[in-house]
Amino acid sequence: MLIYSGFNQSNSHYSKDDSAGTILGDKASQSHLMANSNGVEGLHVWSSPEGGCKIDIGKQIFCNRSLNMKNILAVGFDMDYTLAQYKPETFESLAYEGTIRKLVYDLGYPPELLEWTFDPKYMVRGLVLDKKRGNILKMDRHKYVKVAYHGFRELSKEDKVGTYGNTLIRDSFDEPDYALIDTLFSLAEAYLFAQLVDYKDNNPGKVPEGADYSHMYKDVRAAVDLCHRDGTLKQMVAKDPKRYINEDTSIVPMFKMLRASGRSTFLVTNSLWDYTNIVMNFLCASHALDGSLSCNFDWLQYFDVVVTGSAKPGFFHEENRANIFEVEPESGMLLNTDNGTPMPQVGSTSPEVLLKGLNKSCRVFQGGNVAHLHKLLSIESSSQVLYVGDHIYGDILRSKKVLGWRTMLVVPELEREVKLLWELRDMRKQLRLLRNERDLVEDQIHHLKWSLKFESFRDDEKQKMISALGELESQRDQARLAHQQAQRECHQKVEELHFSIRLIFHKIWGQLMKTGYQNSRFAHQVERFACLYTSQVSNLSLYSPDKYYRPSEDFMPHEFHILPL
């Protein structure tokens, strides 16, 4: 039996340990019981609102809009890339290779593509593909293009400005001419598109006739869809989940914590039941002594409702008329329902005949819409729901903008980036002070020059001002040299960090959350639509389930930059 200990609900503020980059926990830390890997009950400790344990900077939850968890009655999760974090070196490579085969064998591309390889570290989220021109772009929050590549060739500043900066009407950079790379699953297709652009430029006669850049992107998308429809990817994952999915031992304690706190939990995924059961069983089930994994339905105990085949983002629209079917877990059979209420099957007077014997604390469905979900969970206000997902459009934007759900975005790339940002925080402060000093001197020089040019002074006053101007120009030169030296030291610091802790910003695209001194387009979307954001979904287990999240005044990754790019 799960035993849950109470905790102090009166304190809701927190403090920061600047030396370690952690949020400090309450002196009276709170705990609940969980089952460890050997099936033995053990203590799981989280930090209460005041804290009790230190939380690593890379695992902190960052807050854009205040969120009091006491007001949250239901917490929902996406599965793919949220609960299940896929390994890019295996899963994305598998997707890449499957897409290549479809291009060659189904869409008529040359066999030499089969020799291509995939670099899972090259592309990042937040990029935009220009389908017509074959360009890959990184832009800031105002949709100004800051970094641009044609295939793998960087565009010069002149080409970049000539293409994207000299128009009377600002481009929206949206579909159908552009593709947004907002999911980790899209990185492989973006890399393949860049390869095809280079291949077409160097081998114009080898691509299918009439295949311009836009057509090639359409073929890549068609090949990806073929991989999904024939089950190629998911069959491989199902055979060996451990090869493709990261294990996270904190997921089950997180579920237990949330359910022990009295909240409902639900899962809404676009994956169908057979695949969902395999993945969730891998994430939640105990392993035998030999490391083998038996497939069962024990993981359902951590949820009240599971919705598979949800077809997000359409699921979030109540006017979506999709039927909702109940899934019989043992057989995968779909049973008709009346808006979620069991219906008698033909030839039977009992609607529950096929579901007897199963754990009825959780019901599994396929399809439907958010109105069905609200009814099943007895949700009266959308603000009582916190939904955790990885897709800025499919999960976060729709659920926030259409429904008013509270949202948490999972950004795995954040963990390594914030660690580097934290290591460089003192250097950043120094650079900012030097830059401010330099700007102040330059303003004073400008003011003196303006006065000398347009105002009348006696000769002695004019001479003093000329002398002062010379001193200020000397100060400006010194400030400029100091600022440049500090920048060089900062670059050196980055290189040292690269070798010592293997962390560095992306060599091509720079900081995930920044483009130059502006927020990147991706950071802008995170700030607008994600109430909370963090690197892993299980980071929730490090905090009290009744925590009051507030924006930090000290450190927010989307507001923090070191070097322009």
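A Cβ is built for glycine as well, from the same backbone N, Cα and C atoms used for every other residue.
Listed in TrEMBL:
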| type | residues | note |
| --- | --- | --- |
| BINDING | Asp78, Asp390 | Mg(2+) binding site |
| ACT_SITE | Asp78 | active site, nucleophile |
| BINDING | Asp80 | GMP binding site |
| ACT_SITE | Asp80 | active site, proton donor |
| COILED | 469-496 | coiled coil |
Densest Cβ neighbourhood among Asp78, Asp80 (binding-site residues), 10 Å radius: Asp78
Cβ neighbour count (within 10 Å, all chains shown) around Asp390 (Mg(2+) binding site): 25
Inter-residue C-alpha distance, Asp80 (GMP binding site) and Asp390 (Mg(2+) binding site) (nearest angstrom): 8
